[in-house]
Amino acid sequence: QWLSDRKKRALQKKDVDIRRRIELIQDFEMPTVSTKIKVSRDGQYIMAVGTYKPRIRCFDTYQLSQKFERCLDSEVVTFEILSDDYSKIVFLQCGRFVEFHSQHGHYYRTRIPKFGRDFSYHYPSCDLYFVGASSEVYRLNLEQGRFLNSLQTDASESNVCDINPVHFLFAMGTAEGKVECWDPRTRNRVGLLDCALSSVTADTEIDGLPSISALKFDGALNMAVGTSTGQVLLYDLRSSNPLILKDHHYGLPIKSIQFQHQLDLIISADSRIIKMWNKDTGKIFTSMEPENDINDVCLYPNSGMLMTANEAPKMNIYYIPVLGPAPKWCSFLDNLTEELEENPESTVYDDYKFVTRKDLENLGLAHLIGSSLLRAYMHGFFMDIRLYHKAKMMANPFAYEEYRREKIRQKIEETRAQRVQLKKLPKVNKELALKLIEEEEEQQVIRKRKQKNLPSLLKDDRFKVMFENPDFQVDEQSEEFRLLNPLVSKISEKRKRKLKILEELEAREQEEEEEPEGKASDAESSESSDDEKGWVEEVRKQRKLLRQEEKVKRQERFKEDQQTLLKPQFFEIKEGEEFRSFKDSAKKQKLMKKTLGDRLKLEEKLGTLDVSDTTVGSKQATFKLKKSEQQKKQHEAEKQHRQERKALRRPASHLTSRRGRGRLFH
């Protein structure tokens, strides 16, 4: 599929496996799409029509190659081979044309009044019956060379038609989901079947009215009908009810129906799947889903070969030995299938390994994406199996050793499983798990058969982490556990006493039912009071022990503090700042701890804040920012500089004023 034709031919010369591959008929394909495929009655010629451009190709099975190819003016809806070989063919085309071909090529062309969808040939009278987008069935007599009176039906449109090969009954499937049967001798309707009503069952979901899309006779009495909703109905002509109903479950119109007489099978096909099922029981024999949509199916007569025309250039050929022998022109297929059964060969992808993008990154081959060594397929890539093994050996050279160790470990575990199994306690909370196991065993002794088995805490997935994660380990030295421990111990003792009482009761068999929960007797109440007293005393003892332990810990900490020697600490002062004392930082910390109101009052006293009332009634606060020592020095230097400049300007101002006065008085 990935290689060009030139490379394929070059490989055929070198590779033996490629030379063994079977191509039954050379160039058995169409340029784009194949629509219909048929076999001549003598079995020598296979004819197929398709596009683009519209054409017919005839393949000679004796020569295993193409016989001829003819191009047509318009697309072919369907065609029929009138003779035993390829010498007489009739085509029904899209543009209402009916074209006749003889052995040499185009012979005659005529036109029908309405667009045709299907036609059938009546051999005794040499009449062609055309059905289509009309209520009439047009008749064209080939002996006289003229149209005869058409058959007037009750249907608005007709989709398919067929003529019984035994008694030549003409049947047509309508768009309303009915089948009308006509007698060609009297040109009268002799029967009407409502297939749309019979195809609807309780399980089927139908959006619209089912129409008839396929029709095929089998012998004198059987007829199969395919609907546009994907159902196939098998009728006996003597009954109006179907013998069997088969649903394809895809909701697609049935394209083709064929009968296989050796195994009593019906081969029905829609555009997606080909199904083979028994016509008596409806049991599925097999099904096939080609890669491309199916347009037509042709069963080679008296053999197990099946051919399909599909929405792809290549026309598929299937050989199923169970259905029948291979045709005489390819009888070697029987020998090949027998050899394949005896010696199963490798599949297509055995020489390739499918890897995802993550696998390529782990192997260090991500840089090969886009090259010819990787072929993109679905969510990953196909690569040569030899390249994969080499890359894996380089990425993990000890993979074989790990595989060997894993196999040995599995075998050892298998042998261990045959030995007597001991109770395995979890790594975390072993004592709690042992206690739960003992309680379960005790409960199993007392539990009656009628009662349901309660779920085990050890087997419950919700509490699985409690016996796996070390963070859930019960700390028996903690204060909470030690204070609750007397209660736990008393509960366990109480449980044991109750178990003894129940065992005595069961031994005597005085009571059948268990006593209800709660303490009803005076003896039990006295026991409970004794238990409570003992529990209080044990709790007091535990509290005393905890206090003593805390006292010992405090003494040890005090001794450690005395033994430790304090070392001097050195601090680095920033540039431009003077060190005064450690009290400044302490004052700042105390100031930050005070509330906002206290800090405002303190700043008012220092003069950095001025709070006054306004005329409106609100408060006005004026802040003065604190200056650092460097800013203060700079401010004093500027102030002194201003004073010196004023002192220098005074003599000049006195002189100007005197001169002005002198002039004024002069």
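Even glycines carry a Cβ here, placed using N, Cα and C.
Per TrEMBL, domain 'Nucleolar protein 10-like N-terminal' is recorded for 1-343.
Summarising the annotation, TrEMBL assigns domain 'Nucleolar protein 10-like second' to 348-396.
Long-range neighbours of the domain 'NUC153' (460-486) within the same chain, counting only residues 6 or more positions beyond its ends whose Cβ lies under 8 Å from a Cβ of the stretch, are 426-429, 431-433, 534-535, 538-539, 542-543, 545-546. Per TrEMBL, domain 'NUC153' is recorded for 460-486.
What TrEMBL records for 507-536 (among others) is region 'Disordered'.
Summarising the annotation, TrEMBL assigns compositional bias 'Polar residues' to 611-621.
Per TrEMBL, the feature region 'Disordered' maps to 611-666 (among others).
Residues annotated as compositional bias 'Basic and acidic residues' in TrEMBL: 626-641.
If you look up TrEMBL, you'll see 642-666 marked as compositional bias 'Basic residues'.
For the domain 'NUC153' (460-486), the number of residues in each DSSP class (helix H, G, I; strand E, B; coil) is 18 helix, 0 strand, 9 coil. Taken through DSSP, the domain 'Nucleolar protein 10-like second' (348-396) splits into 25 helix, 14 strand, 10 coil.
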